[in-house]
Amino acid sequence: MCGIFAYTGKVGKEAGGVLLDGLLSLEYRGYDSAGIFLPEAGSVRTPGAVAELRKKIPKDFKGKSGIAHLRWATHGEPTEKNAHPHADCEGEVWVVHNGIIENFKELKEKLLAEGHMFKSDSDTEVLAHLVEEHLKHEKSFEKAALAALNEVRGTYGIALQYKKEPDRIIAARMGSPIVLGLGDGEHFIASDPSPILPHTKKVVFLEDGEVAVITPDGHKIFKLDSTNVKREATHIDWSVEESQKGGYEHFMLKEIMEGPQVIEDTLRGRLIADEGMAKLGGLESVANELKNIERIIIVAQGTAYIAGLVGEYMLEEYAGVPVEVEYASEFRYRSPVLNQKTALIAISQSGETLDTLEAVREGKRKGALTLGIVNAVGSTIARETDAGVYNHAGPEISVASTKALISQLAALVLFTLFFGRQRSMGVKTAKEIIAELKTLPKKIETILKSEETIAALAKKYANNRDFLFIGRKSNYPIALEGALKLKEISYMHAEGYSAGEMKHGPIAMIDEHFPTLAIATVGSVYEKMVSNIHEIKARKGPVIALATEGDKEIGKLADDVIYVPETIEMLSPILNVVPLQLFAYYFAKEKGLNVDRPRNLAKSVTVE
Ligand code: M6R
């Protein structure tokens, strides 16, 4: 989730300072490199954070306008060469970009054939060259930019600047947010309002497919087909911190709400629907080795480990590969028997969890092929594994992992399709999975609309001291996750169990003060779950059932019901985890706890 900030003004402010301060308030979006361009002073780029950029900026770096960027890598390593802004051949047209240009390869080939010289591996650079190319025929920067944008496919939030028209900056939005800040004699463009707010509270949000031009004196908005757009400015009273949270009270809630987008981002460009295939560019370098894999070991910690457990069900049932899932912290201290036909998959949001990293190193020593499912681009696990897949979930700020899990599960579906189609999975099954996968963002949106119902339930049960979560098959790990979320942000005693294990001990705890959340959505174990709920009710235990929309029977049995849309059993964990995340969130909020920074925990555990 890169950050963009652009400024043009005639009120005597130093553009360099305005832009650097603005970038600081965008750092919460994550970064691996930063850069700035002022037409009057040139460009400076660096790997690292804004502090690194500040150190590199010369004293005479001054100007009245400019564009700046914080990068969270998608294409290309986080190096100075790949940091934004990117320029055309002559260093005249400059661009900062958030998103992915999907057709950048074909555009780059065309531009190379026309003689353009590229300096980076970034998909973004094609935009600067495209504008340069159009400037040969179009009368103005504005027209050339519009022609270039009409050639581009993918997602973008963009700011473009042309050295010969230094006070004019062009912005465009397709899938990645862009907001304009309207000041008096100064105007701004940013990927969210946080860097704009210290200067003006008057903002205009662009819609997808819209282009805007700002100068010190004003702004205009039009569509990609050049028709004009009139939009009233919005006055926002958010503080900078509120703005970083997108208006939500906590990052955790914002990140849960990002679920639909996260699925889209993880899947983007990776499904070949008509062939029933997953295309995972990050695995191409080990394509031959993967064909010979006879066994998979997944290593991870915490929520990433729970993703691995769900992956085990998917991979064994649909790809026919034997899978073991193990805490990386245990794996590294035993003597695992591995060989070249074993793939060791490390799952990690941060890519820096020490135990997971050491498990990768142990796997390598023993000759296994090591793969990563990692969110943080360029992180140590991403670098040390032989190959892998990035989540593209954007940075996760809240200590409690939510959106990363959604994207890990979506990535594991992609792995299952990938391995499955190399083995026993038929095209019909694959196509059915892909078709259903594509419906998940909308279905998650529906679940998110039950926020108030879930908040009310959290309130109802907030005085309980213990909680049990039960599920079966691939929803057993989701029961573990429901309990983990409640433990880590509410400090509650919560246990996750396989519902089938209840009778072997845990049921002894059940009484009227010990509530259970039972995952009883439709699927092959539905009746078994209903029996388990009967057993709990017979012991006076309160039950919240997580059930499929339209299930009228369960309401007669359980005390409370949370409904989710129907999906195929394989994908049900991706939907079912969302209400449990919301439940934990509202539970902790109800207790007035520090949701985003729970006690005793760190976002990334880089010690043993
Ligand atoms: O960065 P990682 O995914 O490797 O982190 C693993 C765990 O530390 C992490 O999932 C932790 O359990 C979360 N706080 C759970 O919400």
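Cβ from N, Cα, C; glycine included.
The domain 'Glutamine amidotransferase type-2' feature in TrEMBL is assigned to 2-217. For CYS2, the entry in TrEMBL reads active site, nucleophile. The annotation domain 'SIS' is assigned in TrEMBL to 286-425, 457-598. Taken from TrEMBL, the feature active site, for Fru-6P isomerization activity covers LYS603.
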Could you tell me the mean pLDDT over the domain 'SIS' (286-425), as a whole number?
94
Where CYS2 (active site, nucleophile) and LYS603 (active site, for Fru-6P isomerization activity) are concerned, what is their Cα separation in Å, rounded?
20
Across all the protein chains here, work out how many other Cβ atoms are within 10 Å of the Cβ of the residue listed as 'active site, for Fru-6P isomerization activity'.
17
Please work out the helix, strand and coil residue numbers for the domain 'SIS' (457-598) from the DSSP assignment.
73 helix, 27 strand, 42 coil
If you run through the domain 'SIS' (286-425) with DSSP, how many residues end up as helix, strand and coil?
65 helix, 28 strand, 47 coil
Can you tell me how many other Cβ atoms are located within 10 Å of the Cβ belonging to CYS2 (active site, nucleophile)?
25
